[in-house]
Amino acid sequence: MAFGGAQASYINPVVPFTGMIQGGLQDGHKITIIGAVLPSGGNRFAVNLQTGYNDSDIAFHFNPRFEEGGYVVCNTKQRGSWGTEERKMHMPFQRGCSFELCFQVQSSDFRVMVNGNLFTQYAHRVPFHRIDAISITGVVQLSSISFQNIRAAPKQPACSKVQFSQAVCLPPRPRGRKSNPPGIWPANSAPIAQTFVHTIHSAPGQMFPNPVIPPAVYPNPVYQLPFFTSILGGLYPSKSILVSGTILPSAQRFYINLRSGSDIAFHLNPRFNENAVVRNTQINGSWGSEERSLPRGMPFFRGQSFSVWIMCEGHCFKVAVDSQHLFEYHHRLKNLPAINNLEVGGDIQLTHVQT
């Protein structure tokens with residue numbers, strides 16, 4: 001299926017936040033972050049444009065620091081090692097005040113705009129098409145993260161000229177009280193209707209095409225299960241699969257299978273009666289050893305929406321649930337291009353698929 005969807009914005013994401021950039025970055029893509037710096041609670045925040053959900057490979061680390069008069073550090077991390085810092089001895093952000101931060105991808109560098117004004121340009125140190133995730137940490141409250149392909153929308157400015165003649169500032173947080181900012185829900189407690197906006201309805205801008213093969217997006221509001229579709233070209237390192245839906249109130253289990261012919265290379269099987277997320281591989285009709293360990297509790301809940309992102313790496317699958325990295329599953333079938341079918345079934349309502 002030809003690619004032609006749009007990546008929905010992240011609305012009121014909770015910090016620390018890590019989310020996927022569907023298809024990876026390309027020349028002409030723009031990411032716009034709307035938020036506010038908290039009045040207190042720390043001296044720094046950071047925006048990382050990175051590969052995957054871990055922080056060992058960060059193509060662009062943008063790190064405002066409210067220290068020594070205020071400055072911004074820009075850097076790149078490769079295989080866990082930081083490069084040479086670039087410091088901008090000017091602070092365009094104010095504590096307690098709102099901001100618009102825009103990253104525009106150009107062939108030679110990132111163009112960074114703050115509140116409609118050019119702040120800096122950061123030359124690429126690694127190929128930008130490897131970037132498929134965005135991570136934000138520190139003393140910020142976020143309203144939205146939106147995505148746009150300005151090459152596909154030439155009538156719109158590269159970065160919106162938002163006038164901040166009167167800064168919108170946040171009151172200091174009362175001492176002894178920690179509350180979520182208005183409109184922000186804790187993990188796994190967002191209303192289903194809110195998630196449906198993210199998974200079914202498109203947002204302004206264009207989804208980013210995959211650097212190798214454009215992903216197929218199936219925007220049907222409801223799918224019949226079991227759902228089965230091909231993965232054009234099969235899997236390869238950096239290829240990602242996105243599956244979103246809502247778990248039925250009386251659900252017992254559901255599954256996501258990545259198949260190679262009659263074999264199942266990766267079987268992801270949340271089981272509510274066992275409070276477990278089972279992973280396995282089936283070869284020639286025989287199942288291997290199950291993997292069940294999780295770094296934290298059950299990430300799926302009856303009656304609630306979910307989003308599963310499966311990133312294929314050279315040695316494993318990396319799996320994130322609701323923008324939180326969950327586990328890695330090492331390949332047992334290692335012929336990745338032969339893994340070319342996706343199957344989804346069980347006690348869910350399926351609302352969004354991207355292969």
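Cβ coordinates are placed from backbone N, Cα and C, and glycine is handled just like the others.
For the beta-D-galactoside 1 site, Swiss-Prot lists N48, H61, R65, W82, G83, T84, E85, E86, R87, K88; matching the candidates N54, N75 against that entry yields N75. Here the candidates are the binding-site residues N48, R65, W82, K88, and by Cα distance the one nearest G288 (beta-D-galactoside 2 binding site) turns out to be N48. Our reading of the beta-D-galactoside 1 binding annotation (N48, H61, R65, N75, W82, G83, T84, E85, E86, R87, K88) yields a largest Cα to Cα distance of 18 angstrom. Non-local contacts of E290 (beta-D-galactoside 2 binding site) by the CB criterion (under 8 A, 6+ apart in sequence, same chain) comprise V278, R279, N280. If you measure from the Cα atom of E86 (beta-D-galactoside 1 binding site) to that of H267 (beta-D-galactoside 2 binding site), you get 44 Å. Here the Cβ of H267 (beta-D-galactoside 2 binding site) has 20 other Cβ atoms within 10 Å, regardless of which shown protein chain they belong to. According to DSSP, the secondary structure content of the domain 'Galectin 1' (17-148) in residues is 3 helix, 78 strand, 51 coil.
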